[in-house]
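In what follows, a structure is listed as structure tokens, so that the remarks can point back to it.
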Amino acid sequence: MASTAAAAGNGSGSVLPTHTATAAPFRTHKDADLDAARGRRRRCLCCCLLVTLVVLLVLAITLLVLFLTVLRVRDPTTRLVSTRLVGVAPRLSLPAVSIQLNVTLLITVAVHNPNPASFTYASGGHTDLTYRGAHVGDAEIDPGRIPSRGNGTVQMALTLQADRFAGDLTQLIGDVMAGSVPLDASTRIPGRVAVFGVFKRHAVAYSDCHFVFGVSEMGVRSQQCSDRTKL
């Protein structure tokens, strides 16, 4: 009876599930070698990326220091050295009688370049001359080169159109009688700067000068210039 009851009890009760353990996959020496190779590749890739980032950072710092020290453009200084009369061209126009007088002056300007970059300029430089606000002359600047941290000269042939002074003739006569004629010159010279012959950039040099022409000495009595350079 006892065994029958036990059997009946077992038949009516729930049966507990059984779990079968899964065996670990079998790994060969070849799989281990592949994993080791992948690990080495990842380490090499990380090292290469790190070295590249360090090189780029050093290069960026070097370029920044180079720009702030070497490539930073400093304004040149100019000084009018000499003015020489090289030609007088009178002209008579008809039927309305009009006498025009063009005077050509050879002007030499000394330039000091404080930059570690030379400045080379071709044709295209131009100077406008004004007398008390009136445009009275033009000059084309000859090509040339100013050395780095050095001095050079700029020569220009200035054509002075005397008839353009007629608009303020009374004032001009007064200035001549006083012995001094004030003039203003505005110069623009496009060119190229070169640092160590490697770094080359386009640049434009500007110069605005106010000078007083002495009548008795036929030369520049005083001058004041403002110079700047734009890249």
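Heads up, the Cβ atoms here are built off N, Cα and C, so glycines get one too.
Look at TrEMBL and you will find 108-204 tagged as domain 'Late embryogenesis abundant protein LEA-2 subgroup'.
Summarising the annotation, TrEMBL assigns transmembrane segment to 44-71.
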Checklist entry - Counting each residue once, how many in the domain 'Late embryogenesis abundant protein LEA-2 subgroup' (108-204) are helix, strand and coil under DSSP? => result 17 helix, 62 strand, 18 coil
Checklist outcome for this item: Looking only at the domain 'Late embryogenesis abundant protein LEA-2 subgroup' (108-204), mean pLDDT returns 82
